[in-house]
């Protein structure tokens, strides 16, 4: 059955979805999810911090900002290419088929670190894995070079709604985020774009953020749904923990709005019970970050995730055949 894809959702419509009785919301999300994802497969993605700390941005949630005082804000040198590729091989052997690499940068700058990034992307793609990069803002030319290297997706999150955004970050505008996403899309690289709940936003803010995502045409290929991990030394260190069922609601609503996007269960999962995580899978999450660290915060370990997926009765890509390598040699 063909799903109706919309790009004209209003914030009011989305808030109405978020406010539905939970069982009704789950039923609607399940109906969409089973049509869009009949095999009910969950993609396993691994995430590595290639360059940690020293970021010039002042994101209130982030342990890597020079404006905050967590234990990881100091500058660390970028990892070399081969150790990164070794981690990618290990991730593949553990079952991941998408390898995401993070740089704590405000923006990509031309030079040796960017050339190394391109080599990493080519190496990951040569293993038959999807490659995703998150490294801040970039130019048209940089986006084109990443596309030529074979980059599958570029992650650049909205974080929150346009209305709540200034309470979370002041060093980059919302419009700059949207312009970065447009450059990535223009280069032919798919978008990985989502946000975070639990940062003091209202339900209306959550609906507004989802409205921005659902208005994109096409929808993002991947939509990470994060719950705040309150890190000591950041402005949000004393923020009350998010309610797990609120994250379930965000997953379900994202699935209804963007039927074919990968809704990725991301940061904050470590604080959720197995039952809440299974509800997220039922609600439409079809990807998880896999491994015990997400950049600088914790995540359930590999064996726990395998058991979780097995108990939930969903098929993960680690049970499938290995993908063929992709030749992404420099032109």
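Every residue gets a Cβ built from N, Cα and C, even glycine.
The annotation domain 'Radical SAM core' is assigned in Swiss-Prot to 40-269 on the grounds of sequence analysis.
In sequence order, 62, 64, 65, 66, 104, 105, 106 are the residues of the chain that are 6 or more apart from residue 55 ([4Fe-4S] cluster binding site) and have a CB within less than 8 Å of its CB. The [4Fe-4S] cluster binding site feature in Swiss-Prot is assigned to 55, 59, 62.
For 100, 132, 192, 264, the entry in Swiss-Prot reads [2Fe-2S] cluster binding site, with the evidence type sequence analysis. Less than 8 angstroms from the CB of residue 264 ([2Fe-2S] cluster binding site) sit 43, 45, 192, 194, 222, 223, 224, 225, 285, 287, 288, 289, each of them six or more residues away in the same chain.
Sequence-distant contacts (6 or more apart, same chain, Cβ under 8 Å) of residue 100 ([2Fe-2S] cluster binding site) comprise 45, 46, 47, 48, 131, 132, 133, 134, 155, 192, 289. Listed in sequence order, the residues 45, 47, 98, 134, 153, 155, 222, 224 complete the 8 Å Cβ shell around the [2Fe-2S] cluster site centroid, once 100, 132, 192, 264 themselves are left out. Averaged across the domain 'Radical SAM core' (40-269), pLDDT in this predicted model comes to 93. Long-range C-beta contacts of residue 59 ([4Fe-4S] cluster binding site), restricted to its own chain and to partners at least six residues apart, with a cutoff below 8 Å, comprise 65, 159, 168, 169.
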